[in-house]
Structures are given as structure tokens and as C-alpha cells.
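These notes concern the structure reproduced below.
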Amino acid sequence: MLMDTTNGRCWGNSKKDSWKTTLLLAYQSLGVVYGDLSISPLYVFKSTFAEDIHHSDTNEEIFGALSFVFWTITLVTLFKYVFIVLRADDNGEGGTFALYSLICRHARVSLLPSRQVADEAVSTYKLEHPPETKNSSRIKMLLEKHKTLHTSLLLLVLLGTCMVIGDGVLTPAISVFTAVSGLELSMSKEHHLYAVVPITCAILFGLFALQHYGTHRVGFLFAPIVLTWLLSISALGIYNIFHWNWHVYQALSPFYMFKFLKKTGKSGWMSLGGILLCITGSEAMFADLGHFSYAAIQIAFSFMVYPALILAYMGQAAYLSMHHDFTSKISFYVSVPECIQWPMLVVAILASVVGSQAIISGTFSIINQSQSLGCFPRVKVLHTSDKIHGQIYIPEINWMLMILCIAVTIGFRDTKRIGNASGLAVMTVMFVTTCLTSLVIFICWHKPPIVAILFLLFFGSIELFYFSASLIKFLEGAWLPILLALILMTIMFVWHYATIKKYEFDLHNKVSLEWLLALGPSLGIARVPGIGVVFTNLTSGIPANFSRFVTNLPAFHQVLVFVCVKSVPVPHVPPAERYLVGRVGPAAHRSYRCIVRYGYRDVHQDVDSFETDLVNRLDAFIRYEWSRSYENRNLTGNEEDGSHSGDSSSYRLAVIGTVGFSSQRPCEESVQPASVSIGFPTVESITDVIELEPIERRVRFAADDEPEPSMNQQSELAYRMQEELEDLFAAHQAGVAFILGHSHVQAKQGSSLLKKLAIDYAFNFLRRNCRGPDVFLKVPPVSLLEVGMVYVV
């Protein structure tokens, strides 16, 4: 098996993974993907029969609950996720943001600034263009036309994201608490009340305290633990079915669901909030798709997890159908034979820890994606593995999750109320996924709208049915995920809104190229040795913070590079396609523009490797530009060499990959398609696409039968290229200074009270208490120059 450390995915040696590789990936997925889903038998029946309904001698309640569990897992997890949603991947990546980025690439509904047409040439910017139907085209135009729908779509995505984070608080609490509650069978009730909560809190504290080591250090233990747990509950289920009541298979008939609701009425409907816990963790199959393959996750669930869960639930139902004296304390452990209760308790606690680890890692991942797309305040992200992409640790989020988990455990002390909260979070995430997938079906897959509508109505109605059962328990715990989502959505939306407004301010206050070219000794402006790296959000034009810098300090560096670090709506940008490099003004000015593109799951470089990489890409770009100038002179006989300010090279950007350029003319066959491409237009505003010059998709080279230029021309061009390269390396030796804007944002006069609260108080509070741009960009303090800027938005 080969691991692609750039994209973080595992691939076999051939285009189609071999069966051996696929089975190995399926085994590994057990510990990462299915930890949460596999431990649901610990608390489903306990939550269902907590108070609302009781287990009677007719067994209609337990058989009805089993029927609901079976069909819920089959329809939602198996049919919806395994066979449909997993196919809606974004270059192999899954999750809420993957669906959003997929939709944004096929329809202009994104609110992210600085979009470029050049981004569509990234190899991972995968687009399919089958013929669109008239109806799907009409719906797509409707979505693109109304900005209110763009905002609504973003709010929907943020809602799903916030509920995933809320689930990261609730899942560790309910899984560990329920596993530890198995001590009730060997303790008195008084001792049990005082023992379970402290033990649960201690395990949770240890779990979060170990997060900074990274999951890869203990990852080899995860799959064997979950596999042992699945085999154990399967064997236990088979034993209980044949030992107590093998007629329990009759409960798989949907008829028992109607009997259940008919007999229990409103109480039965309210108890569905416990039954829906059987599909917690289903979203993890889609969210963790990037670490495995579709076939591996499908095989692992279909042939291992699904049958194990069904057997476990049937075994519990078979035991309870013959034991009505346990009505007051229905739990997983009552169906475990006494001789193996302690081993099962240990395995259950280990499995609950693994399940908790999966959702915690997923929370880190989704917050990292959110901040990459400008939807979350900047936090410190540590990459815990050099080989496995995506394994990250966020200290601030880790300790906040720990505090909230322990607070939930101490505050609720009850599986039912934690289950009510967890159930609401789970169903909200699933409904958001259903809505986004229905958009993918007709916007990206170009299916008839009726197909998307049927998908939305069928699965959406099931999820809303369960959602209503959870929402009715608002005062019994379901208020918690709503409160968490409200707080998180406010933070994320305010941050995103202010980020967009800052970009618009930069766009409207940028300085013209003529102003930059006019700076010189006549105005008292000096050029000092070194490279000045000016960070900006703009993909074109001179940022206002640089004009403020020059106004207050009349000097700038010998080599000037305007760097824009931007996110592209794809999970990964290959390193060979990451850098877009171009000139700002004529070659003699020694000013360049560099756009560094990252996907929402890419690892940002540290400043040392970025500095070296930037100089190498500038070196390659200079060689390429002079080679192109030499080529144009040969083809057209034009004596201009691109040294004039009006030359179109001021607007042209080149994708400079990992392959450098030599001073000799390359042959067309030797060109690396992923390394060089030229002539991409940029987007000048958020809404309007302005093409600065026609797009050229391939580098053009002189034919063999064209006349050779004179030796004087070659020598002149070689001398100028060498002079520019020497200036670059001399500036690099003198040192690199990073120029950043230190911004303060305030609402303009006459703004509404809500906008003033959001900008003047909420955003500035978040900005002061989160990581600064210098920390986020990993700029060393000794090389940092900050320019104060006041943004009036």
C-alpha cells in the first residue's frame, strides 16, 4: 500500500485497488470510522425505555423498537449513506464542506472572496459537464441569481458544522458514561451513584489529555479493539437469540412499527429520540471518506458492522422478551452472561474511548476546514503526523471540548438526557447532508429535478420524523445542542461576514500600478537590500497597507513580492500547482505577485520552507519569463522585451511547479503539464469576472524550422535574465521581511445597531482573542513588520 502524503489518501499500485489493499483499508476503517456507530447498542434500548414507555408482557414494545432500529439502520445508514451519499465525494473527500465546495464549483453560489478563473485549471478542480436539462438549468440560474439563497446555503452548511462540533461534546460523554455504568451490576445503588460520574470524568480527562500525542501513535490499537467489540456483540447476540427467543426475527417486519406506535401513542413517538441513537456515527462514514476508499468503507459496513449491529440488537430484544423483571433498569449489560460481564465491561470502555476519539478528531478536522474557508477565528493547528495527512491537534478546541464534556457528564448524570441532546444534533447533521446531497444530485450530477426531490422527500421525511421526536424533549436535554449551535453559528457567521467586508474594503481602496511605478528617488523613496514580502488578500492591484507603509517609511525593499494566501474550494491543491507567479510592472522594477493556493484540507507550510520555496519559484518564473520573451522576439520580430509598464505581462500569471526552467529552449514534449500554464485572468471583484487577456492553456514554443535569433539577441536576453537572478539571490542573502497589516475594524457611521454589535464588539473581541495573522502564517517576530490599518466597513 502506498500513502500519498500530499493528499492524505491511500492507493494501491494499480489504478484499481487490489482486493488485498481494499480489505486492508476496510480493516483499518473499523477503528477510525465505526467506533461511534458500533457502540450504539450500549445505550439505544436504555434511552428508549427510560421513562416514556415500558416493556410489557406482550413484547410489542420491545419488538416494535427492534423493528424501528432495523429499518432505521437499513434505510438511513445502508441505503442513504453507503449507496448514495458516499458517491457525492469531492475528489475522494467527504463531509459537509466537501458537499458545499462541490456545489460552489458547479454553480456560482460561493460567498468566498478572491475567486479566480485560474483556479478552475487546478487538476483537483474536477468538473463534469454532461448535458443539463432545462429544469436543472433553470433551478441553477435561480440559485445563482439571488444572493439571499447564497447566504441561506452558507447558513445551512454552518448549521451542520456546528451540530457536528456539538456532537463532539456529547458523544464522548454518553459513550463513556454508558460504558462505565455497567458497574451497576456489581455495586450497590448508593456506591454506583458516587462512582460512575467520577470514573467517567477521569476517563474523559485522560482521553483529552492524550490528544496532543496524535491518533497515529495509538491508531494501531483502534481497529483490533473495534473488531473485538463487533465480534463480541455478534457472538453475544447469536447466543441470546438461540438461547432465549429465536422468534425475534419476526420483529424485522415493518408491521411491528405500526403496532408499536398504535399501542404506545404519543409516548412511543417521544421514545423515538432514543431509537435514533442507533445511527449516531453514520455521518463519520462520509466525513472520513478521504482517508479510505469508497469500496473499503462499503465492504466494512456491509459485511462486518451492519450484521454485527443487527445481531446485537436482536440478541438484546430476545433476552428482554423473556425477562420482564428488568423493566426498571433495561441496559446492555443485563443481557450479558455473568461469567463474561467484566471482560465485556473492559472491551466496552475501550470501544467507547475509540468511538470518542473518532468524533474528537473529526471535530478538529472540521474546525480546520472552517478556518481555511474564512468561517472560523484563527486557532493554532498542530500536525501530529509527518506521514498521514489530516491528523491534527487544536489545543484551544481540545480543552474547551474537555471542559464541556465533563460539564455535561456532571450536569446531566443521565443517559436519557444526554441521549436527547445527542439525538437532536445527529438528526440535524443528517438532514443538512440530505439537503446538500439533493442539490448535488441535480446541480453536479445533472439528474432530473424529480430525482433530487424524491431523495429529499423520502430521507428528509424520515429524519424530520425523528427530529420532531428529539425536539419535543427540548427541556430534557435537547436544548443543549441548540444553544451550542446558536453560539457557534453566531461566531462563525460574524467572522465570515467581517472577513468579506474587509476584503471589499481592500478591493475598493487598492492602489494603482502607476502609483507604485512612480515611486523612486525623485520622491525621496529608497530601495533597501532584501526581499519584502507583503501579505494581502487581493489577487490583483497594490494593497492599501503597502501604501500606508511607504507613506510612513519612505523606503521599500530591492525585491518586492505581493503574496496572497487563498483557499480554493477543493480539498487539496497539488504542490506543483500551488504557486501562481507574475510580474507587477516591468522587469526592472523587481516586483512580483505570488498567489499561494491551498485546499481546505491542505497543510500550510512553515515560514522557513515557504521562504525557500518562494525564492525557488521566483527563480523558475524569471527563467520562464525571459525564455518566453526570447521566444516571442523570435516569432514576431518585436524588439520589446517586456520591460515596459504597459506590457501585458503585468497581468499575466504563470503556474510555477516543482520543475524549474533551464536557460535553453525546452521542447514541447518535455513540458510538464502540471508545472507550467500561463495567461489566466483574475477576478477583480466578488461578483464580476473580468478577463484581462485571453486564456492560453499551454506554453507555445518555436518550431524547429523557424530562424534562429542572432547571437547578440541571445546574449542580451541571457545577460538581463542573469542580472535579475543575481538581484534575487542577493536580496535573499540580505534577508526577508514580512509586511502584514494590523487591522482594526469598525462599522461605518449610520450602520444598523446589529451591524455595530457584530463588527465593533463581537468581531473585534474575537480578533483580539484568537491567533493573529503572523502566528497563523507562521511569521517569525524578528522578520515581521506590522502596518496599522483601520477598516471602516
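Each residue's number is its place along the chain shown, starting with 1.
Here the Cβ of each residue, glycine as well, is placed from N, Cα and C on the backbone.
Given the structure is predicted, the values throughout are model-derived calculations rather than measurements.
Database features (TrEMBL):
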TRANSMEM  21-42  transmembrane segment
DOMAIN    25-517  domain 'K+ potassium transporter integral membrane'
TRANSMEM  62-83  transmembrane segment
TRANSMEM  153-180  transmembrane segment
TRANSMEM  192-210  transmembrane segment
TRANSMEM  222-242  transmembrane segment
TRANSMEM  299-320  transmembrane segment
TRANSMEM  340-367  transmembrane segment
TRANSMEM  388-412  transmembrane segment
TRANSMEM  424-445  transmembrane segment
TRANSMEM  452-472  transmembrane segment
TRANSMEM  478-498  transmembrane segment
DOMAIN    529-791  domain 'K+ potassium transporter C-terminal'
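Among the recorded stretches 62-83, 192-210, 222-242, 388-412, 424-445, the one sharing the largest number of Cβ pairs closer than 8 Å with the transmembrane segment (478-498) is 424-445. Under 8 Å from some Cβ of the transmembrane segment (299-320) lie the Cβ atoms of residues 22-23, 26-27, 29-30, 33-34, 37-38, 40-41, 44-45, 55, 62-63, 65-66, 69-70, 73, 77-78, 82, 227, 230-231, 233-234, 236-241, 243-246, 248-249, 251, 278, 285, 326, 330, 332, 334-335, all in the same chain and six or more residues away from its ends. The highest tally of CB pairs under 8 A with the transmembrane segment (153-180), across 222-242, 340-367, 388-412, 424-445, is held by 340-367. Long-range contacts of the transmembrane segment (340-367) within its own chain (CB-CB distance under 8 A, at least 6 residues past either end) are made by residues 31-33, 35-39, 42, 95-97, 161, 164-165, 167-168, 171-172, 175-176, 178-180, 182-183, 185-186, 203-204, 207-208, 211, 215, 222, 225-226, 228-229, 232, 236, 281, 284, 287-288, 332-333, 376, 379, 390-394, 397-398, 401, 601. Of the candidate ranges 192-210, 222-242, 388-412, 222-242 contributes the most Cβ pairs within a distance under 8 Å of the transmembrane segment (21-42).
Mean predicted confidence for the domain 'K+ potassium transporter C-terminal' (529-791): the pLDDT average there is 71.
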